[in-house]
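Participant: The feature domain 'NADH:quinone oxidoreductase/Mrp antiporter transmembrane' is assigned by TrEMBL to 6-218. Sequence annotations record features per position, and here TrEMBL assigns transmembrane segment to 25-47, 59-76, 82-99, 129-151, 171-194, 206-232, 252-272. Annotation source TrEMBL lists domain 'NADH dehydrogenase subunit 2 C-terminal' at 219-270.
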Amino acid sequence: STVLLFSSILLMLKNNMNNEINESFTSMIIMSALLLKSGAAPFHFWFPNMMEGLTWMNALMLMTWQKIAPLMLISYLNIKNLLLISVILSVIIGAIGGLNQTSLRKLMAFSSINHLGWMLSSLMISESIWLIYFLFYSFLSFVLTFMFNIFKLFHLNQLFSWFVNSKILKFSLFMNFLSLGGLPPFLGFLPKWLVIQQLTLCNQYFLLTVMMMSTLITLFFYLRICYSAFMLNYFENNWVMEMNMNSSNTNLYLTMTFFSIFGLFLISLFFFMF
């Protein structure tokens, strides 16, 4: 925050001191401060560690709501070179950082860094696409964290000894994981689809290739988590914890999961109808 205020003061001084201060340099400082605030690479180091100490609802706030202000300000600056470096680093670090994580919160943090790379790249093209991406990402993150919060799941090993008496809930949770990863039949693919289409129109093929490769890596670590749930012949504990989920929470969760899984089909239907 201090850096941001300092660079804003420098910009004001520039207007008063007749071009003695380099404006592009000051804008880059502002941009760096805003990227630090939003948790984008290469200024991402605080983000996973911070997530590790938060409850799920606070983590959701940090992943979604807290990104709105810095990203809006970045859209006003729009320094292409710095933004491009940040996008490439964010998608790569978000993909590679999540590979050996066992903590679900850190996993979501690195996934968030990866998605942030996509959001920044959509900012370079148009604000409306960034807003669409952000809303879809927030929805999918909410569905997952809602579930993690109810069952107090914080580590991978908790997922494997969980939900034994309800295979549907377990299955639906991992479907949401795949949706967040951006696998095509699910809703999470739609915003990525829009970004991919716009980037190809702008001839940003190198950037697009890097982003898609990194998304494949994030999908790999999501699939590695989902593997045990989708396999029918895996071991489970016999001492089953009773489910502490009331009916309204279940209905809300299953409704959101329905939209997460079948959203792309529904939107396609609307498109063909109108």
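The backbone N, Cα and C atoms fix where each Cβ goes, glycine too.
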Participant: Check the transmembrane segment (59-76) against each of 25-47, 82-99, 171-194 and return whichever range has the most CB pairs under 8 Å.
Facilitator: 25-47
Participant: Which stretch, 25-47, 82-99, 206-232, 252-272, tops the Cβ pairs under 8 Å count with the transmembrane segment (171-194)?
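Facilitator: Counting Cβ pairs under 8 Å, the winner is 252-272.
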Participant: Which one, 82-99, 129-151, 206-232, 252-272, has the most C-beta pairs under 8 Å toward the transmembrane segment (25-47)?
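Facilitator: The stretch with the most contacts is 82-99.
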Participant: Looking at 82-99, 206-232, 252-272, which one has the highest count of Cβ pairs under 8 angstroms to the transmembrane segment (129-151)?
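Facilitator: Most contacts with the transmembrane segment (129-151): 252-272.
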Participant: Short question: which residues 6 or more past the ends of the transmembrane segment (82-99) have a Cβ under 8 Å from it?
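Facilitator: Beyond its ends, the transmembrane segment (82-99) has Cβ neighbours at 28, 31-32, 35, 40-42, 44, 48, 74, 106-107, 110-118, 120-121, 123-124, 207, 210-211, 214-215, 217-218, 220-221.
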Participant: Mean pLDDT for the domain 'NADH dehydrogenase subunit 2 C-terminal' (219-270), as a whole number?
Facilitator: 79
